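Report on the following structure.
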Amino acid sequence: MFLAVLYCLLWSFQISDGHFPRACASSKNLLAKECCPPWMGDGSPCGQLSGRGSCQDILLSSAPSGPQFPFKGVDDRESWPSVFYNRTCQCSGNFMGFNCGNCKFGFGGPNCTEKRVLIRRNIFDLSVSEKNKFFSYLTLAKHTISSVYVIPTGTYGQMNNGSTPMFNDINIYDLFVWMHYYVSRDTLLGGSEIWRDIDFAHEAPGFLPWHRLFLLLWEQEIRELTGDENFTVPYWDWRDAENCDICTDEYLGGRHPENPNLLSPASFFSSWQIICSRSEEYNSHQVLCDGTPEGPLLRNPGNHDKAKTPRLPSSADVEFCLSLTQYESGSMDRTANFSFRNTLEGFASPLTGIADPSQSSMHNALHIFMNGTMSQVQGSANDPIFLLHHAFVDSIFEQWLRRHRPLLEVYPEANAPIGHNRDSYMVPFIPLYRNGDFFITSKDLGYDYSYLQESDPGFYRNYIEPYLEQASRIWPWLLGAALVGAVIAAALSGLSSRLCLQKKKKKKQPQEERQPLLMDKDDYHSLLYQSHL
C-alpha cells in the first residue's frame, strides 16, 4: 500500500525552485538573455498584472574580487548570471521565485502575508513514523523528474552562445546534487587546461550563506512535492560523537556485510545511484556533469586518514568557534586566521584559530570521516547525510549570529574570492539571491532549531524582561495590597475558626479528617508559571 501511494505521488506533483527554469532554456531566451516567465495565476511575466513583480535589468555589483582567480571572461559563473541572462523577474513585497510565484522564506498564504517559523529537529528526536516519512520524501524526490527545472550539459560557448541549447531533465534530489557540483567545479580553460583554485560556495565568506540558501530551497522543494507545509530537514548533532551513530539501517544506512565501502542492502539508500562524482574525467574532456548515473553510494565511515582528521569535532571545538568574534579575516580564503567561517569550515584549528593545511577539522572532518562519496566536494551532496550534517553546521552559524549580532557590514563587501562578496549573486540560483541576504538570523528566514529555542537569550530579553520591569515599577502597590490582603485573611481566618469550634461543639460524633488537594490542575499550572518566572 505504501509503495502504491508513493508511486501515485511520484507523478502528481510539480515543483518550482532550482537552477535553470525550463521556461528559460530555449534558444530564444538564451539569445535574448531574458528569463521572465509568466506567473500561471494571471499569465503575465513575473505576475506583473497582479503586482507580484516585473521584468528588470540585473544590476551587478562592481566591487572587486580577490586575487585568487586571475582570469576574466573564461567561466560562465563569473558575474552570475550575466553570461546567460541580463534580465530576470524582480519580485515585490513578500513574493519570490523565478516568476514571482512563491513566497519569501518565512511567509505563506495566497498573498504571502502569513508569517511562519518552522522548527528543524534532531533526527534522534523524530518518531519512527516521522523518520520513515522523511526517508520516503527523499525517495520520492529521487524518483521525481522536475517539470520546472533542467540542467545545462555544456558551457555557454559549447551551446554556440545560446543558439544550440544543451539541457537535460533531472530528478529533484539530483538537481540539488548537480547544483553543489556546479558551484564548486573547476574552471575549464580549453584544451587540457583547468583552474582549480575557484569555488563559489566554499573556502570563502559565502560558505555559510550559500549552504543556508541551499537547505532552504531544498526544504521548499520537498514541501511543494509532498504538500507537507510543515516539513523541515532534521539535523545530526555530531558533537563528541565517537563514530557515525546515524550510519545504521534504521537511519541513513549501515555497512554492507561483504563490502565495507557499500551500504547495507537493508538500507533505504542502498539502491541509489550517484551523479557528478568524476571530476577528473569531466576536466580531461572539458565537459560538464550531465546527470548520468555513475554507480552506488560509497561510504566507509571511520576508515579514513586519521593523521589528517584524528577525531570528530567536540563540544569544546564548537564553543571555541563560537567565541571567535571575526566572521572573516585576512585574505578571506582557506588561509584566514581567527576567522569564524574558516574555523567552522575546517581549514583552521578549533584549538587556536590558526589555518592549518595539514589538518581537516569541524565541517570538513565529517566529510573526511565518511570516507566515500561524501568526501569529494563536488559530489558530496549525493549522500543524504550531507543534508543533516549541513543543517547542524547552519545551526552553529545561527548560534554565532545570535551571540555576536553582527551588522550586515561585517560581511565583506569587496576583495573576497570571486563570487563571495556581499552583493554577489550566488551561483547557480535563479531566482537571484545575494550572499548578504542570508547573513541574518534564521527566524527572519522562517525557521529555528529545537535545541536553540530553549537556550535563546533573546527569549528572556524579549519576553521576560518587560514583565519584570513592569513589576518593579508597581512593587510598592503590590506590597501594600499584600499587607491589606494579609490583614483581611487573618480576620477571616479568626472568624472561620470560631464558627468551626461552634459546629464541633454541636456535633456528637467526630468527622473524618481530609487532606486538601494542593496540586489540583489549576493550582499546579499556577505554581509552575510562578516557578518558571
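Just so you know, glycine gets a Cβ as well, placed from its N, Cα and C.
The structure displayed is predicted, hence computed values, not measured ones.
Pulled from Swiss-Prot, these are the features on record:
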BINDING   HIS363, HIS367, HIS390  Cu cation B binding site
CARBOHYD  ASN86  N-linked glycosylation site
CARBOHYD  ASN111  N-linked glycosylation site
CARBOHYD  ASN161  N-linked glycosylation site
CARBOHYD  ASN230  N-linked glycosylation site
CARBOHYD  ASN337  N-linked glycosylation site
CARBOHYD  ASN371  N-linked glycosylation site
SIGNAL    1-18  signal peptide
TOPO_DOM  19-476  topological domain 'Lumenal, melanosome'
TOPO_DOM  498-533  topological domain 'Cytoplasmic'
TRANSMEM  477-497  transmembrane segment
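Recorded features from Swiss-Prot, shown on the structure.
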| residue | record | contacts (Cβ under 8 Å, 6+ apart) |
| --- | --- | --- |
| ASN86 | N-linked glycosylation site | LYS33, GLU34, ASP57, ILE58 |
| ASN111 | N-linked glycosylation site | none |
| ASN161 | N-linked glycosylation site | LEU30, LEU31 |
| ASN230 | N-linked glycosylation site | LEU118 |
| ASN337 | N-linked glycosylation site | SER329, GLY330, ALA348, GLY353, ILE354, ALA355 |
| HIS363 | Cu cation B binding site | LEU344, GLU345, GLY346, HIS389, VAL393 |
| HIS367 | Cu cation B binding site | SER360, MET374, SER375, VAL377, SER380, HIS389 |
| ASN371 | N-linked glycosylation site | ARG299, ASN300, PRO301, GLY302, ASN303, HIS304 |
| HIS390 | Cu cation B binding site | HIS211, PHE214, LEU215 |
Remaining residues near the recorded Cu cation B site, that is with C-beta within 8 Å of the centroid of the site residues HIS363, HIS367, HIS390: HIS211, GLU345, GLY346, ASN364, LEU366, SER380, PHE386, HIS389, VAL393
ASN371 (N-linked glycosylation site) falls, by three-state DSSP, under coil
